[in-house]
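Straight from Swiss-Prot, the features:
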- 49, 52, 57, 73: [4Fe-4S] cluster 1 binding site (BINDING)
- 114, 117, 120, 154: [4Fe-4S] cluster 2 binding site (BINDING)
- 124, 144, 147, 150: [4Fe-4S] cluster 3 binding site (BINDING)
- 32-90: domain '4Fe-4S' (DOMAIN)
- 105-134: domain '4Fe-4S ferredoxin-type 1' (DOMAIN)
- 136-164: domain '4Fe-4S ferredoxin-type 2' (DOMAIN)
- 1-26: region 'Hydrophobic' (REGION)
């Protein structure tokens, strides 16, 4: 019994010593990041789609902080670009020519052809595809950003990118543009 207690105490002390060493190393060797890059990255949609020409949102945020154009993010659209322009103190630019005329699309899986390989699930950066191994998969259209990264890995080519149709749920209501009349209260004489 005493040998077990000695082993438990020694392991506890060993864990405490190594924890202190790791804590010291984390403080001593901390890598300072650029706060501007962190702010720009927080504004980007985090789809990691690569449509901007960079391998993810963090490298694009670093490029923007280094002076690159702010209009290369199709999933973020004009709203994201305007927020980045405000943060960087530059004029908003129209989205780049390659993305300006594009219609928003979402992935659609033809479920009767899906073999359940899970390659599209692994490729989706926003977890908009649900399913399990050897079972059909489907796309949560509200979460899909249209990044197109799930199409290429599909071995049976059962994923299509379909344009988003406007309906009552997807319509962009501009409530501030609706005129509201202010009626004066009846004045008593």
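Note: Cβ is positioned from N, Cα and C throughout, glycine not excepted.
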Of 114, 120, 124, 144, i.e. the binding-site residues, those within 10 Å of residue 73 ([4Fe-4S] cluster 1 binding site) when Cα atoms are compared: none
Cβ-centroid neighbours of [4Fe-4S] cluster 2 site 114, 117, 120, 154, 8 Å, sequence order: 109, 115, 116, 118, 119, 121, 137, 150, 153, 155, 156, 158, 159
Candidate binding-site residues 49, 114, 117, 120, 154, pick with smallest Cα gap to residue 147 ([4Fe-4S] cluster 3 binding site): 49
Secondary structure tally of the domain '4Fe-4S ferredoxin-type 2' (136-164) (DSSP, helix then strand then coil): 0 helix, 7 strand, 22 coil
Neighbours of residue 49 ([4Fe-4S] cluster 1 binding site) among the binding-site residues 114, 117, 124, 154 (Cα to Cα, within 10 Å): 124
From 52, 57, 114, 117, 120, the binding-site residues whose CA lies within 10 Å of that of residue 150 ([4Fe-4S] cluster 3 binding site): 120
Those residues of the chain, 6+ apart, with a Cβ under 8 Å from that of residue 114 ([4Fe-4S] cluster 2 binding site): 131, 136, 137, 156, 158
